[in-house]
Amino acid sequence: MTIAIGKSSKEPKDLFDSMDDWLRRDRFVFVGWSGLLLFPCAYFALGGWFTGTTFVTSWYTHGLASSYLEGCNFLTAAVSTPANSLAHSLLLLWGPEAQGDFTRWCQLGGLWTFVALHGSFGLIGFMLRQFELARSVQLRPYNAIAFSGPISVFVSVSLIYPLGQAGWFFAPSFGVAAIFRFILFFQGFHNWTLNPFHMMGVAGVLGAALLCAIHGATVENTLFEDGDGANTFRAFNPTQSEETYSMVTANRFWSQIFGVAFSNKRWLHFFMLFVPVTGLWMSAIGVVGLALNLRAYDFVSQEIRAAEDPEFETFYTKNILLNEGIRAWMAAQDQPHENLVFPEEVLPRGNAL
């Protein structure tokens with residue numbers, strides 16, 4: 001008989017083992033090795049955002065008021081992108097732009113790069129946290145894989161897109177109204193709504209919402225009645241042996257409604273994972289394309305015919321004209337340093353004019 005003898009528990013642990021024991025200890029809020037990245041980055045990203053929206057103006061970078069101190073509210077406050085002249089500078093506090101002056105750093109837009117970079121690493125840390133915890137309790141890593149969807153969208157929009165453009169100036173500022181303005185910018189300058197990758201993203205997000213509503217309603221509709229047994233539906237009892245709802249009944253119901261239905265829970269839940277995550281990934285790929293100024297679905301034949309025949313118009317040609325109006329108005333507003341001057345006859349007029 002062979003006897004396996006392990007290390008004596010009395011042997012002193014090295015630094016790595018001691019840290020591993022402390023970080024991965026069972027506690028109310030799991031820390032883990034991923035927490036070394038997640039918690040500091042999330043703290044600094046949120047702290048920078050709250051600081052910027054509360055105190056810091058965007059007058060020097062965008063000519064705008066953007067803080068509570070200046071009279072903005074939650075919907076209009078934002079941490080704005082750096083000035084266009086700063087291009088892709090990391091805007092480090094100790095760098096050549098701010099030279100250690102915190103006030104100047106905030107005025108130049110340093111808080112935006114601070115929030116964007118720490119926010120990106122914080123999101124990645126959160127995904128790694130899901131990997132680490134899943135491995136610790138012997139789960140498969142699909143939660144982390146699903147979370148890669150939002151991460152890919154955030155990184156592509158906030159980092160990769162401005163890297164492909166002239167500077168951080170063209171990234172979205174971090175605020176509600178600021179994001180809306182960025183969406184209008186995407187439409188006017190890239191015709192984003194007609195981009196097939198955006199279409200796949202919309203199909204993924206709205207399709208996922210539909211699947212979620214259908215699934216939740218179906219489970220509620222087919223729940224088995226609670227029994228009085230000690231082993232029946234007691235909240236989070238891990239030893240429950242019965243099914244919670246009737247998959248057979250659900251299958252028969254949707255087979256009658258649609259003619260087709262999911263026949264097993266594995267495929268059903270994988271599909272609910274696949275639809276939104278793939279949609280988000282496709283959107284992220286599309287934004288990377290926009291970073292390189294790739295265009296999609298330019299129906300030039302319709303534009304030429306519309307230019308030649310005043311009576312010919314499609315929804316596409318109307319949208320193209322709308323995009324031209326967005327560009328004419330936004331470019332002059334957003335980039336006053338470019339001294340863009342458009343003839344009066346091409347500028348869009350508001351209702352008051």
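Counting starts with 1 at the first residue shown.
Cβ coordinates are placed from backbone N, Cα and C, and glycine is handled just like the others.
For H118, the entry in Swiss-Prot reads chlorophyll a ChlzD2 binding site, with the evidence type sequence analysis. Among the features that Swiss-Prot reports, pheophytin a binding site is placed at Q130, N143. Per Swiss-Prot, chlorophyll a PD2 binding site is recorded for H198. Feature annotation from Swiss-Prot assigns Fe cation binding site to H215, H269. If you look up Swiss-Prot, you'll see H215, F262 marked as plastoquinone binding site, on the strength of sequence analysis. Annotation source Swiss-Prot lists phosphothreonine at T2. Residues or ranges marked as N-acetylthreonine by Swiss-Prot on the basis of similarity to another entry: T2. The transmembrane segment annotation in Swiss-Prot covers 41-61, 125-141, 153-166, 208-228, 279-295 and rests on sequence analysis.
Here the features listed in Swiss-Prot are painted onto the structure.
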| residue | record | Cβ contacts under 8 Å, 6 or more apart |
| --- | --- | --- |
| H118 | chlorophyll a ChlzD2 binding site | C41, A42, F44, A45, G48 |
| Q130 | pheophytin a binding site | P141, N143, A144, F147 |
| H198 | chlorophyll a PD2 binding site | W192, S283, G286 |
| H215 | Fe cation binding site | L268, M272 |
| F262 | plastoquinone binding site | N251, W254, L268, F271 |
| H269 | Fe cation binding site | none |
DSSP-derived structure type at F262 (plastoquinone binding site), helix or strand or else coil: coil
Within-chain partners of the transmembrane segment (153-166) [C-beta distance under 8 Å, separation at least 6 from its ends]: 81, 84, 87-88, 116, 119-120, 123, 172, 280, 283-285, 287-288, 290-293
Residue numbers, six or more beyond the limits of the transmembrane segment (208-228), whose CB comes under 8 Å of its CB atoms: 242-247, 249-250, 253-254, 268, 271-272, 275-276, 279
Distal contacts, the transmembrane segment (125-141) - CB-CB under 8 A, six or more residues away: 24, 30, 32-35, 37-39, 41-42, 147-148, 151
For H118 (chlorophyll a ChlzD2 binding site), the three-state class that DSSP assigns: helix
